[in-house]
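> If you scroll down you'll find the structure; I have some questions about it.
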């Protein structure tokens, strides 16, 4: 009996544990897609989300641009598109077998077939021999409309030239055919156009669509303000403002010098107009306001010149205390007078008066006058504030004045004129990675700071290559160019790095190459000849090669290189 009770107890515990274990492992229900059983509960599987109508739909992050989401992070692209998120155009003309027997032109999301000269495009897409088209000698084939031969162009962005046989590009940006969203500018291409973000904006995927987002140059450090200025981000750009105590345009800020003169004490000036002269004895040329108080600079005391009036000799003290001098108002018109602080006198003694030499009514006759004319002193500046000079007549011992450097001086310092420069820290700077290559140039973080480009690892067994192209375009120069760059080809069987230039059609033989070595090296190459259309860096790697190919600090200058290395 005890054995049976123990067996029943063990069986119940086992069934309970089995039920709990089954609840921890979700199992998908075969009859429903996206539904899983979590023990006794049924819910959407991982990577699926329940919609408002109750069904479970797969979730793809980021979203499929030209396709539909059929599973967790799995897109099914529409015809003509490829990529993980269906955001890349599929080049159908490069597929094998080719979709067209004669000429094939890839378009965005599709392709078009064209016939060779002497053939006509039929409604089913095939090419049929047509003697009339061979005689027309059209660039992209022809079509017969109502018995008339007409050459055709493969894209709406192309139109027939005046000769009626060739096709020329239509500038959609200039003609107004293009319509770009806000914050994007139109850039014409051959046969089409693209909408590119304005300078100061980056194309980002926000809110389920691509938008041009403002770049905060201040937080990223991509500004050229003075070290004595602050950077303020604005929409699409930034501005620089000098800090307090500095002045300038923000790109260049100069310190504002502060000049202070120690006052000696207040002297009350009585009401009325007066003139205090500046001459060889150090007086200030200053006209006070009515009833104002003036703080003169420290100057030695000069005793006044006494007139011949019968006055007593004043009693002076070594350090006189400035006191207000009461003066009765004289009869008009008043002469220009010079008043100086006098030592205190006894009440019964009259105050000595100093009268100027200016001839005016009311001047007492027989008085000894003082010349109040402004003396010519070319070695001293005039004004309310004076900057004291040193004995050598030099101001630069007091203030630090920054000497400006003109553009001509900089051109003399650097005789090679820069055409292009890129360190790949903030992008490719106009360099283009060819998408048709098996390998690609990828940016990688440099332990010393910044970024450099490296060739991705090969996955296929055959020989693979990655090309990096700089189209010169408007930078094209009629003379020689100096190409300078840093590079490394390290490791066992690392591969090969080569430099090419393209002038007309395909590029020629390699101008330079490296297939081994240790560490970074600096190389300069003179690109000789005119009409260089593009510069190409080619990196080749094979599967299983463990080495690394690196490229950084590429620049182009006009003229010959100072030394080839």
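Heads up, the Cβ atoms here are built off N, Cα and C, so glycines get one too.
Residues or ranges marked as compositional bias 'Pro residues' in Swiss-Prot: 317-349. The disulfide bond feature in Swiss-Prot is assigned to 56-69, 60-75, 77-86, 93-104, 100-113, 115-127, 173-186, 180-195, 197-212, 218-231, 225-240, 242-253. Swiss-Prot lists 52-87 with the feature domain 'EGF-like 1'. What Swiss-Prot lists as domain 'EGF-like 3' is 132-168. As annotated by Swiss-Prot, domain 'EGF-like 5' applies to 214-254, with the evidence given as sequence analysis. Annotation comment: Swiss-Prot describes 420-563 as domain 'MAM', evidence class sequence analysis. As annotated by Swiss-Prot, region 'Disordered' applies to 301-373. Feature annotation from Swiss-Prot assigns signal peptide to 1-19; the stated evidence is sequence analysis.
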> Against which stretches of its own chain does the domain 'EGF-like 3' (132-168) lie, if we need a Cβ under 8 Å and a gap of at least six residues from its ends?
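Apart from its flanks, the domain 'EGF-like 3' (132-168) reaches 102-103, 105, 107, 112, 114-121, 189-193.
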> Which has the fewest other CB atoms in a 10 Å radius around its CB: 212, 231, the listed disulfide-bonded residues?
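Taking 212, 231 as the disulfide-bonded residues, the minimal 10 Å Cβ count falls on 231.
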> Using a Cβ cut-off under 8 Å, which residues of the same chain at least 6 positions beyond either end of the domain 'EGF-like 5' (214-254) come close to it?
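Tertiary neighbours of the domain 'EGF-like 5' (214-254) are 183, 198-202, 402, 426.
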> In terms of DSSP three-state secondary structure, what is the assignment for residue 231 (disulfide bond)?
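Reduced to three states, the DSSP call for residue 231 (disulfide bond) is strand.
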> Are there any residues at least 6 positions away along the chain from residue 77 (disulfide bond) with a Cβ closer than 8 Å to its Cβ? List them or say none.
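Counting only residues 6 or more apart in sequence, the Cβ neighbours of residue 77 (disulfide bond) under 8 Å are 64, 66, 67, 83, 86, 90.
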> Which whole-number value in Å describes the distance between the Cα atoms of residue 242 (disulfide bond) and residue 60 (disulfide bond)?
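A Cα-Cα distance of 49 Å.
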> Determine how many residues of the domain 'EGF-like 3' (132-168) DSSP places in helix, in strand and in coil.
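Counting residues per DSSP class in the domain 'EGF-like 3' (132-168), I get 5 helix, 14 strand, 18 coil.
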> Work through the disulfide-bonded residues one by one (56, 242) and point out the residue whose CB has the fewest other CB atoms within 10 angstroms.
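Looking at the disulfide-bonded residues 56, 242, the Cβ with the fewest others within 10 Å is that of 56.
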> Tell me which residues of the chain lie with their Cβ under 8 angstroms from that of residue 100 (disulfide bond), as long as they are six or more apart in sequence?
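Result: 93, 111, 113, 114, 125.
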